[in-house]
Amino acid sequence: MAVEIEQFMCRSDNFGVLVHDPKSGQTAIIDAPEEAPILAAIKRTGWTPTMILTTHHHMDHVEANLALKERFKLRIVGPEAEKAKIPGIDETVEEGSVLHLGDERIEVIATPGHTAGHVSYHLPASKVAFTADTLFALGCGRLFECKPPVMYESLRKLAALPAATTIYCGHEYTLANARFALTVDPTNSALKERATRIEALRVDNKPTLPTTIGEELSTNPFLRWHDPAIRKHLGMEKAGDAEVFAEIRKRKDNF
């Protein structure tokens, strides 16, 4: 039986997520951006959280850790490399670590780039992954603590997940990402169609997430370093994949 997922907005543009295993009754919170919206989601669903799965140390992902831990006596899991920066952490994980939500297997993927210790959580049986600020819909996270080749390798890992994998990200950045994507991949018809859909969703204040690996592979320039049209547009036909990624990231930083 697949997990049930409740996605909701926190702060100005963060996504909060609850992941519930109906068989065991266990519930995980993916990051804790803000207490009040998380409590509202818990009340709305009737699910009692048993753990927080932290992806990285930035305050807009851990702010409610201690308040939720005190209220629900839950355990907080997070990356070993950032344990000193994550409030209330009880258990650390790294590449290859395995957790369980009831019988649901959670595989930890090290995805540094945005921060040096960032991790993503993959639930293969439910075909879902939580990538926070590594992979966004039509984008990737800004590189605060790592160089472009590090993020490139992290995105390669995520791109290798099955195309049908549903992806939940950390922020509602998709509209701005779409506008940038069109500047580096202007002839991509799938991207143009997706950008139109995104514009309509945001006019109605509707979320653009979740997405899928397959959709990102066809439209997200940060996963399309190999594409001949993008390479030609950038004048980088003979460059290495990591170089193309770095140029796209540089352009996004200045967009």
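Just so it is clear, glycine is given a Cβ too, placed from its N, Cα and C backbone atoms.
Counting only residues at least six positions away in the same chain, the Cβ atoms of Thr115, Asp133 sit under 8 Å from the Cβ of His58 (Zn(2+) 1 binding site). Marked as Zn(2+) 1 binding site by Swiss-Prot: His56, His58, His114, Asp133.
According to DSSP, Asp133 (Zn(2+) 1 binding site) sits in a coil region rather than a helix or strand. Annotation source Swiss-Prot lists Zn(2+) 2 binding site at Asp60, His61, Asp133, His171, citing sequence analysis.
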Select one residue from His56, His61, His114, His171: among these binding-site residues, choose the one with the most other Cβ atoms within 10 Å of its Cβ.
-> His56
Close in space, distant in sequence - Asp60 (Zn(2+) 2 binding site), Cβ under 8 Å, 6 or more apart = Arg11, Asn14, Pro33
Whole-number Å distance between the CA of His114 (Zn(2+) 1 binding site) and the CA of His61 (Zn(2+) 2 binding site)?
-> 13
Whole-number Å distance between the CA of His171 (Zn(2+) 2 binding site) and the CA of His56 (Zn(2+) 1 binding site)?
-> 14
